[in-house]
Structure formats: structure tokens, C-alpha cells
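Input: a single structure, listed below in C-alpha cells.
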Amino acid sequence: MYRKILTPVDLAHRDRLSRAVDTAVDLAGHWGIPLVLVGVTEAAPSAVAHNPQEYRQKLEAYAGEISGARGVAVEAKAYTAHDPATQIDDTILKAVEETGADLVVMASHVPGLASHVPGLGDALVPSHGGRLASHAAVSVFLVR
Amino acid sequence: MNDDATRAPDPSGIDAIPAPEGATALIQTEYEIGQDNIELKVGPFGLDIHNPVFLISGLTIVAFVILTLAFQNSVEPLFNGLRDFLTGTLDWFFIGAANVFVILCLVLVVSPLGKVRLGGKEATPDYSYAGWFAMLFAAGMGIGLMFYGVSEPISHYSTAIGGVSVENGVRTDWAPLGAAAGDQAEAIRLGMAATIFHWALHPWAIYAIVALALALFSYNKGLPLTIRSMFYPIFGERVWGWTGHVIDVLAVFATLFGLATSLGFGAEQANAGLSFLFGLPDNDGSKVVLILAITGVALLSVVAGLDAGVKRLSEINMALAALLLGFVILVGPTVLIATGFFQNLWAYVEYLPALSNPIGREDANFSQGWTAFYWAWWISWSPFVGMFIARVSRGRTVREFITCVLIIPSLVSVLWMTAFGTAAIEQIVTQGVTAVQDAPLELKLFEMLQGLPLTAITSFVGIVLVIVFFVTSSDSGSLVIDTITAGGKVNAPVSQRVFWAIFEGLIAIALLLGGGLAALQAMAVSTGLPFTIVLLIGCFAIVKGLMSEPR
């Protein structure tokens, strides 16, 4: 059906990740295909890590945790962006291209950002999943 | 991981994280970025703000605006008095401190510490030279060059040639140093040297110190990207408490009032220019529309983000500025400007020791009213500009950093001042046209351009540049304030930077209509004093921090 699933994760909000990640892991297990977790961080120190390397290590550790617990091949791919708040979509699109994933499973809204604002609000606070789905060449599965 | 394939910075600004970029001496601290933050939802907008800093700075700013609007007549003399007292009695402190910053920067370039790389030994630069330079220059100086490029050389030249005048044993003239009474050539040299003195090494050293300290403590030491991190070597863990809150609030205060008051004055200047050029009515209505337009474009820019918005606008800005500069050089007195560049540079070097001497000055009006005022002004801007420069400087060595933040901008300033100053002075001295001299400050640039061909086009480019320079200050300023008030988080929800950009525009409009722009600008400049102390501590922190880095 699919060759590889990609799931964007926000390590700063791990508690709120579980539904999208659970879904992705289930699907990956069901089809017996690999899952790649994509994380984006800034170069400056963040709540998650002091620097991009530490962020990558944490993402890899998280991938390893899931992989060990669920018996699915989980890979981690970490990116830096100059301004992550405005570059999440672009990062995911780039990751789709670089990892060769053909299915994106993600939360419909990135935690911390608000949802469903009609009109101007949509331009300011877009639904990442929604915008991504219209830009990506691959299938996008939004988890609500 | 195919790390080698991803070493070069990607133009999209998104890079796969490479293998370890070399050891840095991380500071182990108990503090976790965002630990004091509160996350909440206001209507549809998510917020992630630093608990005391956001609220206190927001409320203080509102309180100051209300206070100023309500008690304008009594507050304005008070704030102006405070500023004049500081620049008048502590002039030696400002002038001396600025010298320390320049000397430290120049020593770092040649010392082995210059090899330390921001972000780790193998770190790759986040931005290309062109994009990096465009952003740091547009945030740092921009608008001042538009207005003072023509007016300041003329001022210093006129006062210098006027000579020294003394009344009751006190000098009443505003000439730099001992003036150059009646000696036209020397008055021009002294005038250019004094102008360049205010726009070259010293202001850029002030920015470089803040930027270097912040970049070092964030990218190499792992502390949050916020002003208080500079104080870690002094206060240790206490910087995460009230000591740090006060420093950050002060930085937000200085930045927001600096930006809002310049936006208010800038609208007045841009309006004067537009009415001079196109007959636009010069009234409050037009000014409010201008502020709204500038804020609107800045809003689009911050929503588009650092790369798609701020960087792109800064590049457009630099291209336009280069076009105007190239035009003035080619169409104006080309040979005079070309030879003038080297002569002025030499005059600057020659007069530098006397101009930067902090004690025993006889030209009090100049050294206090111009130099100390400028230094306080640059220093009050330094938290904003320095933090923005830090944000975009990762991956550069200290030596590259100082070359690009201190030496190249200084040379660009020399060229700019030479071109615009020489073109204006030449009109006065050889053509005998005094239109430029007689024009008010905001129109001097346009009067000068009237003396050159293609006035309609160049004036239009000039006015567009003035407006775009305000936009590039406003958008980068909103990013900086947002980061400080989010406790050093650079990925806080976009709605917060939208809030700060709008807040800044509203304050500018309130002060413009209600009066008080001058008063609050004086207040913002007065924050130069505490920040001078912050910067001196920053110098110590830089040296200490660099010594512990692997190089």
C-alpha cells in the first residue's frame, strides 16, 4: 500500500503527541513498513535541547523508545530551521522529499498553535495539516 | 546520514542537523528554557510567554504611555532633563565606555580568541555573507543614514568654519574640537571626520559587543537567547530570577520605545518628504496612514518569518540603498567622492584620538550634545540590534564576526557619509547653493537630490528607502521583543510577534496624536546609562566565555 510513513513530532509537547504517533505506529506495523519521525528545531537553545546536536540525539532516543516498545522500524530525522514557527510546513515538505516517505500521518494542528480561525485568522494561524495536505504530493492523514 | 551533502547552508533555511559540530563549553545550569513560561489561549490565539517579563514590560509600557499623554507638560521637561543630565554629566562615562568596546573588538580580531566559532568548531554559517550583511545593516543603522547622511556633515562643517565663540568663559559654539575658523578645507575635513566618528567604529562596536556576548552564550554555552544570559558569569543562577527579569524588562522597554518613537518621528519625516515631492497633505491623518502602512508591511513580514519576510525585505532594502549610493557617486562629484573616501578615512584616523578622548574636553556642546547623546542612543538600541545580529550570526568565527559587524559596516558608513556629505557640501561650497543648508532636517536629503539629475526618480527611491528602512527595523524589532518576552524562545506562536508589531504601531499613533514622542524618546535614550553598564559587564563576559571555548 505505502512504502514509508512520515510523522512530524514536537518534542516540546511529547504528552500531546501520542495520538498521531500511535496511529502512525499502528499503520506502520499493519503494513510492515518503516516510520520516520521528523523534528524541527532552531539553532538557538530551546526548551528541548541546548543545541541542534542534542536535539537530534533526543529525537533519535525517542524513535528508539518507540521502536523498541512496538517492534516497528523507526528512524529519526532532525532539521534546523531559521524560524521554525513559520517554517514547519516547508520542513515537512522537505523531509518528505528527502526521506522518500509516501504517507504523512500528523496531528491536524501543531500543539501550541490555535485552530479554526476564519478569515484573517487562518492566514495568521494556519492549520498546518490542512495547508500541508494541499501542498504535498503524497497522501496526508490528519489525526484529530 | 549523508552529512557531507548537507554541509552548505540550504537557501530555504532548513537543514538536516549535521553530525556534532565540535565541542563547545556548555554551561550546566538548572534553568530549563520556558520553565517560567505560561501557555494560554486568548480567543483563537495561542500564547507562550515568560511569566513576569511579558506582563511587566507590557504594563510598564502602557503606564508610561498613559502617564506621558496625561501629564505631557510636566513629563517632557522631566524626561528631557534626565537625558540631558546623563549626557551632560556622564559624557566621560559614555565616551570612555564606547572606546573600551572598540578596543576590545579590535583586540579580539587579532588575538587567538578570534578563532572561536559561534556554534561549535565545525558549525556552518546560517546565512550567506550577502543575506547576513543585509539583515545586520538594515536593522542597525539604515534610517539614520538617510537623514543624517546629508545633514550631519553640513552641520559640523558649518560650525567648524564658524570658529570658536566664547561667552563668559563658556563655549557657545557647537563645533567639534577646536573648530577650523575660516579654513574651508580643514573645516570640511573636520566636519567629515566628526560625522564618520559618530557612524563608524563606535556604534558598530556597541552592537558587536551585545551581539557577540549573546551569540556566544546561546550557541556555545546553551543559555537562552535573551539579554540576561550575558550576566551569567557575574550572577550565576540568580539571572533566572528577578535580577534577570529586570534586565529583560529594561531591554524590552528600551527597544519598544526606541522603535515606537522613531516610527512616530519617521512618519513625520516621511510625510514631510512625501508632501515636498508629491504634494501629499502634511497632517496627522497622513501620518497615521503612514504608520499603519509601515506597521502593516512589517506585520506581513513577521508573519512570513525571518527568511521569507525579514531577510527578503532587508535584501531589497540594501539593493535600493546601493542603487541610490551608486547614483550619487556616479552623477554627483565622482572624483571628489572617490578621493574624499580616502581623505576622510585619513581625517577620521587623524582626529579619532582627540574626538574619542573622554576627559578634559573643551568642546562641551559637541562632545556632550552630539557624541555622548549619540552613544547613549546607540547603546539604548543595542539590546535590539545586538540580539537580532546574534540571531543571524551562528556559524561564524569571532574574527569573521567582527570583520563583518564592525569593520565592513564602518567602511560602508564612511563611503555613505562621504558620498552624501560631499555631494551636499559641494553644492554649498562650489555652487553656492544654500537650499540644502536652509532646508529642515527631513528635507535635506531631497534638496540635495534636487541638485542632481533625475530628481523625480531618485527622490522616489529615497522616500521608498526611508519607508522600507522603518519596516525592516519594525519587523526585526518585533521578533526580538517577542523572543525576550518568551523567555528566550525563538519558536513562540506567531500571534505574539503580531501582537508586538501592532502594539508598537499603536503606541506610535497614540504619541503622535497625543504628543509625547520627544519625551518618550528622551526616556528611551536615557536607558543608555544602565545598558552601558550591561555592555561593560558584557565585555568581561565575552573574554571569560571565549577563554573557556575550544579553539
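In case you wondered, yes, glycine gets a Cβ from its N, Cα and C as well.
Predicted automatically and left uncurated, TrEMBL annotations should be read as such.
Annotation comment: TrEMBL describes B:53-72 (among others) as transmembrane segment.
Residues 201-202, 205-206, 208-209, 212, 356-359, 367, 371-372, 375-376, 379, 397-399, 402-403, 406-407, 528-529, 532, 535-536, 539, 542-543, 546-547, 551 of the same chain lie 6 or more positions beyond the ends of the transmembrane segment (B:92-114) yet place their CB under 8 Å from a CB of it. The transmembrane segment feature in TrEMBL is assigned to B:92-114 (among others).
Taken from TrEMBL, the feature transmembrane segment covers B:126-148 (among others).
Cβ atoms under 8 Å from those of the transmembrane segment (B:196-219) belong to residues 24, 27, 98-99, 101-102, 104-105, 108, 116, 118-120, 123, 136, 140-141, 144-145, 148, 152, 225, 227, 229-230, 232, 344-345, 347-348, 351-352, 355-356, 370-371, 374-375, 378-379, 381-383, 385-390, 393-394, 398, 401-402, 405-406, 409-411, 413-414, 416-418, 488, 535, 538-539, 541-542, 545-546, 549 of the same chain, restricted to positions at least 6 beyond its ends. Summarising the annotation, TrEMBL assigns transmembrane segment to B:196-219 (among others).
The feature transmembrane segment is assigned by TrEMBL to B:239-265 (among others). Panel annotation: around the transmembrane segment (B:239-265), residues 29-31, 36, 50, 52-53, 56-57, 60-61, 64, 143, 226-229, 231-232, 291, 294-295, 380-381, 383-384, 387, 470, 473-474, 477, 480-481, 484-485, 500, 503-505, 507-509, 511-512, 517-518, 520-521, 523-524, 527, 530-531, 534 of the same chain, lying at least six beyond its termini, place a Cβ under 8 Å from a Cβ of the stretch.
The transmembrane segment annotation in TrEMBL covers B:285-306 (among others).
Annotated transmembrane segment per TrEMBL: B:318-342 (among others), in sequence order.
Under the heading transmembrane segment, TrEMBL lists B:372-390 (among others). Sequence-remote contacts of a segment are chain residues at least 6 beyond its ends whose Cβ falls under 8 Å from one of its Cβ atoms, and for the transmembrane segment (B:372-390) they are 83, 86-88, 90-91, 94-95, 97-98, 135-136, 139-140, 198, 202-203, 206-215, 218, 225-227, 251, 254-255, 258-259, 405, 476-477, 479-481, 483-484, 524-529, 531-532, 534-535.
Cβ atoms under 8 Å from those of the transmembrane segment (B:402-425) belong to residues 105-106, 108-109, 114, 129, 132-133, 136-137, 140-141, 145, 149-150, 152-154, 157, 188, 191-192, 195-196, 199-201, 204-205, 207-208, 211-212, 325, 328-329, 332-333, 336-337, 340-341, 344-345, 348, 389, 393, 396, 436, 444-445, 448, 451-452 of the same chain, restricted to positions at least 6 beyond its ends. Feature annotation from TrEMBL assigns transmembrane segment to B:402-425 (among others).
According to TrEMBL, the feature transmembrane segment maps to B:451-471 (among others).
Taken from TrEMBL, the feature transmembrane segment covers B:498-522 (among others).
What TrEMBL records for B:528-547 (among others) is transmembrane segment.
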Segment-segment contact (the transmembrane segment (B:451-471); the transmembrane segment (B:53-72)) at 3 or more Cβ pairs under 8 Å: no
Stretch contact, the transmembrane segment (B:285-306) with the transmembrane segment (B:498-522), Cβ-Cβ under 8 Å, 3+ pairs: yes
Result, the transmembrane segment (B:498-522) in contact with the transmembrane segment (B:53-72) (3+ CB pairs under 8 Å): yes
